[in-house]
Each structure stands twice: as C-alpha cells, then as structure tokens.
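Structure, as structure tokens:
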Amino acid sequence: MAADGSRSTACTGSSLLQPVSEITNLPLDQVNFVVCQLCALLSAFWFRLFLHPRKTSPFIRHVVATLLGLYFALFCFGWYALHFLVQSGLTYGIMILTGVEHMHKYCLLVALSYLSLCQITRVYVFDYGMYSADFTGPMMVITQKITSLAFEIHDGMARKEEHLTPGQKILAIRRMPSLLEYFSYNCNFMGILAGPTCSYNDYIAFIEGDPRRHRDQDADKKPNGKLRQSEPSPNTEVIRKVATSFFCLLVFLSVCKVFPVERNIDDDFIANTPFYAQVVYLYLSMLTTRPKYYFVWTLADAINNAAGFGFNGYDSDGYPRWDLISNLRILNIEFATSFKVFLDNWNIQTAHWLKRVCYERCPYHPTAATFILSAMWHGAYPGYYLTFLTGIVITLAARAVRHNVRPHFLQSPSHKLVYDVITWAATQIAICYTVVPFVLLSVGPSIKFYRSWYFGLHIGCVLLAVALPVKPRHLRLKDQKKKLPQEPVQHHLEASDSNCSQKEKTTRQTTKNNRV
C-alpha cells in the first residue's frame, strides 16, 4: 500500500529526477521539492539582480514571480497545482462580490473548507499514512495568506481606525488588490512550496522596492533615515542560512532512523525499559524529527532573503536584520524554558497568523479556539487533533505555573538558574509528549503511547490548571495598560510584531558575537 501510494504521489509531478530518487532512496516528490527549492534560490538571486525595482516595473516583477511559482508548483505536483489557482480564484471572487463588511468570514470559511476537502480526499482516498510531500502543503500556506489578506482588508476598509489595535493599523490594507497582485502574493516562486507566510503590505512594499515602508515610522512619523539611504546585501545571511539548512538535512538523514518514534509504542520496549530510559528515548526520538523542519524553513527563508525580501531594519549596532518573515529560531527552540517560548519560536509566521486571525478576535476561550483552528488547518489525521487538544491543557497548566511559581525564583541568579534548568527539562518532555500523535498520525498508536504513560501529563496539567489561579486575559490586559500609561502603543505592538522581544535581542546578540 505504501509503495503504491509512493508511485501515485510521484506521478503527480515531474519524473525527470527519477534516477536521483533511486540513487538517494528518497521519494521522488521529495527530490522534486528539494531541487525546485534550489532552483528557486538561484532564481531569487537573478530576480534581485536583474529585475530590481530600479530596473523594472512592479507589473513585470509580479508577472515573473507568479509564473515562476506556478512552474515550480507544476513541476512538483503536476496538475494538482491547479488547486492553488482554484482556491485563490474562489476567494478573490468572494472578496469582490460580498464586499468588505463580511468577506473575511466567508474567505476563512471557504479557504479552510477547500483546504480540508483536499486534505481529507488525499488522506482517506489516496495515500493514508504517507509522510512524503503533497500538494496540500503549499495550500496550507496559501490558506494563511488568503485569510490574513481578507482580515487585513476588512480592518482597513470596514472598521474605524480607533477600533483597531496598533498591530492591525500597521497591517491594514486600504485598497482592494488587483487580480495580478493577489495571485502574485499567493503563488510567488519564493514562497509557494514552503512559505513562509508574510503580510500583504510587506510583500507589496518588497515588489515595489520600498521595504518596510509602512513599518519604518518612528512615533513622530518621521522615517528612519538609515533605511532610506542604504540597501544591505543579503548574501552573507543567505550563505549562513543555506549552510544551516543543509547541516540540518545531514543531521536528519544520519540520525532519523537511529531513534524511530514508533519504538516508543513497541510492546517489548515498554515492558522491559525503565521509565527514566523511556523518557530519555522519547526526547531523543522527537529531537531527531525536528531537523527536517529546520531544513525546509531555513532554506525557504534563505530563498526570500536572496530575492531581497525579509529585511527588517537594523539592530542597535547597525547590523542589518533579515528576520522579517523568518519561521523559526533554532537555539530558542532547543533551549526553551517554557511551552510559550517554544511555540513563539517554532513556525513563527503560523503563530502570527493564528494570533491575528483567531486569538486576538475570538471573544470566548481564545486559547482553545486557536488550538482547534490550528488542528483543522494542519489536516485530517486524527493525531493532529490529539496533539492540539493536549496542547490546550499543557498551555493552560504552563501559564498557571509561570504566573504563580516563577516570581518566587527571581530573587537571585542561582534560584533563577535552578528554575530555568527545571523548566527546560519539563518543557522539552511536555513538547515531546504532546507531539507524539502528530508524528504517529493514527488514534490507536497515539492512545497506546499515552496509556503507557498512564496519561500522566494530562492528569497533572489539569490539576495544575485548576489549582493555580490565573487572571482572565481581559483583566491581564487591563493591568498591563495601567502599568504602562505613558508608553506609545504603536511602538509597543510594532516591536512585538517585528519580533523585537527580549529573547530575540538575546538571539541577535549571539549572532553578532558569532560574527565577531
């Protein structure tokens, strides 16, 4: 069955690279994906050098970016790539016909329903259990872009300025995009295969040669002169990210089979292995699954940077930052000391999308609603829902511990170090425990794993969430406003949206030290 699925998936795209697939013993669609991403990297350099905004018009840049994107999609997925056009075309028609007042709701419903239909068809009709690349992967990113754009148009054209948060004001769209702009944003060659998601305003500013124009404002609305006077080269950053991505690929290919996740539910392993050894093996088996995501997302980030997209201004020491649309921060993930820090640094642009589309707008139980939307977006495998339902409980428990326990460990550096070591270990085990169903996919194996742990983390997290009080979100926001009465709100949220939190400053300082 798996072999048949591999053949059926492979024949949807080009078979030109079949010899490479046989030599590397990798599925053909995965080989096609990697080769297309490498071609996209070369195309990105060409796009930046020969189709620079100073040399050509936005129209030409939109056309070329769209055509290259559709070509790569056809090469990888064959005629299944037409789903990208159908999904985008349907939602564009909805935006034009329904008007700005309610189109964001209809676009979310239609785009997510179309994506879910394709995912269900693929999983239950064609190749259930396949891990290889499939055409619904790019559709997930396009769904993010469609819904983000719809909400941003609604914010810019249907809501009053005073009702918008500072972040929504920055991203709000004041005019309806043309059909070409819409397809270019959804299907450009830089992000069609692996993303990352970006805001429409950021993308249009890049195409028109004015990066960060809507963000590059001080509190007094004066533009930052340094950004206007120079256009830094991304070459050093691209080389660093490409090297990082292929190092992660080598790590994944060399160790992924040493610690198979399926061994966590092997009867002999469960019966004859001490529990502490099971915990260590769980951590190692899940640790070795992450480098493939590091490879895909870091390479995708490098492609965008090579085209000149992703510039995020300069840091305090004058170094250019290319993290505007970065999707992960590896060191922050591996050394995360809380569930929130891990999620904030993993699949960053998806986290931003969930926050802007769901969490900030949902009036009731926003955390649960956000996890459920994330599960629906990821696909039809039951394991996804088990993972995100577990994530709700662990998030609530982690929040309760952070609010009630952490302040007691901040009195001295030694106490803080002890707290960080304990919370690092707890976070890593909690993450591994949560995402096992995400890898196993099916209900039976996932429940078998949780049963072998006696559902310990589920029970413990429920007890913590109930026993430790946490203020409701609206009360916490009121407290924050009282503490910061003089702080310019736009500066505050723009810093948040531009990845300028304290942990990111630490990451940039580490990067600067590595340069030195």
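If you go along the chain as it appears here, the first residue is 1 and each next one adds 1.
Every residue gets a Cβ built from N, Cα and C, even glycine.
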Item to check | From 269-287, 383-401, the residue range that TrEMBL assigns the feature transmembrane segment | outcome: 383-401
Item to check | 358-378, 421-441 - the range that TrEMBL marks as transmembrane segment | outcome: 421-441
Checklist entry - Residues sitting near the transmembrane segment (383-401): Cβ under 8 Å, six or more positions beyond its termini, same chain? => result 338-340, 343, 367-368, 371-372, 374-375, 427, 430, 433-443, 446-447, 457-458, 460-462, 464-465, 467-470
